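What follows is a set of notes on a single structure, which appears directly below.
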Ligand SMILES: C[S@@+](CC[C@H](N)C(=O)[O-])C[C@H]1O[C@@H](n2cnc3c(N)ncnc32)[C@H](O)[C@@H]1O
């Protein structure tokens, strides 16, 4: 393949990738900044979700080599549903990363009257680099389907550097039962099967130290799992 043909191919991949991100940004732009908006009309499952996350976090802190309890990151934070409903109850400092400006503004507004301490980063996870060695927990939920496989791996690699010693990343995501990647053209995201998520975690140089299925969600939803992962 000559160099012109190759660069043509790369351009095509690049433009498909940027369409994937642009379409997602356009989708979220027109979503109301509410819990219902964050959960596609399923605000009724928010409490069950937050309680399941709390139980999973508690189980992590029963490990011998458990992380500290000072600073957390909420990745793909939306309007701060997880920050306010769960992370702030466990960490005095919670930073939020979110690509959509109006969601982050809403998060700032609703966190202002609380005792929230932390920074707000208005940037996509595919471009975000955390500060070195500052986080005990990086909680990344219902957003990784918006990253390409390659960007997901490099995001996780950068996250590793943002962790304190004994710190860990928790991924909480939908999984397909078909064993296939399923594309959603409405919000421009993919849902991955379990095996692929595990493979991407390994490729990023991380290992799963604990994994659990979210209980008590309606049976017609995708299975949702939490993965606590640490650098190998
Ligand atoms: C399903 S909502 C979940 C929000 C939050 N994690 C929660 O559970 O309440 C997905 C969020 O991911 C954000 N998002 C989409 N693509 C993103 C990207 N590339 N980087 C960061 N955030 C992104 C959306 O703007 C939206 O706020």
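The backbone N, Cα and C atoms fix where each Cβ goes, and this holds for glycine too.
Keep in mind that what you see is a predicted model, and the values were worked out from it rather than measured.
What TrEMBL annotates here:
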BINDING   76, 81, 125, 126, 141  S-adenosyl-L-methionine binding site
Name the residue among the binding-site residues 126, 141 whose Cβ has the smallest number of other Cβ atoms within 10 Å.
126
Around the C-beta of residue 125 (S-adenosyl-L-methionine binding site), how many further C-beta atoms are within 10 angstroms, looking at every protein chain?
22
Where residue 76 (S-adenosyl-L-methionine binding site) falls in three-state DSSP terms:
coil
Give the three-state DSSP assignment (helix, strand or coil) for residue 125 (S-adenosyl-L-methionine binding site).
coil
Maximum Cα-Cα separation in Å among residues 76, 81, 125, 126, 141, which the record lists as binding S-adenosyl-L-methionine:
21
I'd like the number of other C-beta atoms within 10 A of the C-beta of residue 76 (S-adenosyl-L-methionine binding site), please.
24
Report the same-chain neighbours of residue 81 (S-adenosyl-L-methionine binding site): residues 6+ apart in sequence with Cβ closer than 8 Å to its Cβ, ordered by sequence.
35, 38, 39, 46, 50
